[in-house]
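If you check TrEMBL, you get these features:
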DOMAIN    23-288  domain 'NADH:quinone oxidoreductase/Mrp antiporter transmembrane'
DOMAIN    290-343  domain 'NADH dehydrogenase subunit 2 C-terminal'
TRANSMEM  26-44  transmembrane segment
TRANSMEM  56-76  transmembrane segment
TRANSMEM  96-115  transmembrane segment
TRANSMEM  152-171  transmembrane segment
TRANSMEM  178-197  transmembrane segment
TRANSMEM  203-221  transmembrane segment
TRANSMEM  242-266  transmembrane segment
TRANSMEM  278-298  transmembrane segment
TRANSMEM  319-340  transmembrane segment
Amino acid sequence: MSPTIFSIMLSSLATGTIITMTSHHWLMAWIGLEINTLAIIPIISMQHNPRATEAATKYFLTQAAASSLILFSSLINAWQTGTWDITQLSTTQSCILLTMALSMKLGLAPLHFWLPEVIQGTTMLSALIITTWQKLAPMSLIYLTSNNLSTATLLILGLLSTTIGGWAGLNQTQTRKIMAYSSIAHLGWMTTIASIMTNILTMNLIIYLLLTMATFYSLIITKSKTIQDTSTTWTSSPYLMILMMLALLSLGGLPPLTGFIPKWLILEQLTAQNLTTLALFMTMAALLSLFFYLRLTYATTLTLSPNTTQTKFKWRFKLNMTTSPMSTTLTMTIFLLPLMSTLTL
């Protein structure tokens, strides 16, 4: 893909997301989502091979189905209430349809099956866009309609996503699939808190974006597509591997790293709302995710593949890509915990 077309696609992505995030009319929100979907499909199928085509087709079909459900729910709501305002979602049928549609858009369990397959079939850069930028528009709709959606449904979807995201990621060897199931689990945490406290939802989303970007940048620079690849990268970039280890532990939510902030605050709010049992199950589900982060961490920094003395330290050539986004996100991945009181204002 030529740089001009690629920049047009990226600007269309940004335009679609901004239209959805700033609109109060259902039709404008739907148009923004459609622009977003149509812009990402050429990026997914940049590589001319059957896997990329399959991934783009799966993505298009699921997103088109979800968009049609969103349009259908808004039509039902407009027919029964006489308004197209996003915040005036008052009918039960519309709420159920919208919850299903946004779950499919985001990749929440049990409508998550498309996400690992699409991410595995595309490039690391496309996977980074799908797991970060593409979550902004649907999550903004959840934010706007959180007062009207069923709290019990959101809590069940959140618990299911956290559990399945952790469980399904245990047996994976491909880093892209691990990041896909990590995304499902983190979206489960966000969905759980969406109907209780939206400012924690916003903070959780920002931290999730930082953590995922930092990890994906590290994987892109080291060209690590499998766990075996990460175990052989230490000799060429040891300092980056140390930072990647900390980013993975932060994704797992270990203190005193940044990823501990949202889990701490969400569990605190669940306990304050007398949802102690749900908080317990969410904590147990987080341990499942932590296991595959620790597994990847162990392979990345604590093992060294069989080699001779001559190959223990490889030639380290200058990278042909910018590392400033990676260094910024990696720093914020590790050191934001002291700012928690400021972030939660």
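Note: Cβ is positioned from N, Cα and C throughout, glycine not excepted.
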Might you confirm whether the transmembrane segment (203-221) is in contact with the transmembrane segment (152-171), defined here as three or more C-beta pairs under 8 A between residues 6 or more apart in sequence?
no
Within this structure, do the transmembrane segment (178-197) and the transmembrane segment (278-298) have 3 or more Cβ pairs under 8 angstroms, counting pairs 6 or more apart in sequence?
yes
Rounded mean pLDDT within the domain 'NADH dehydrogenase subunit 2 C-terminal' (290-343) lands at 71
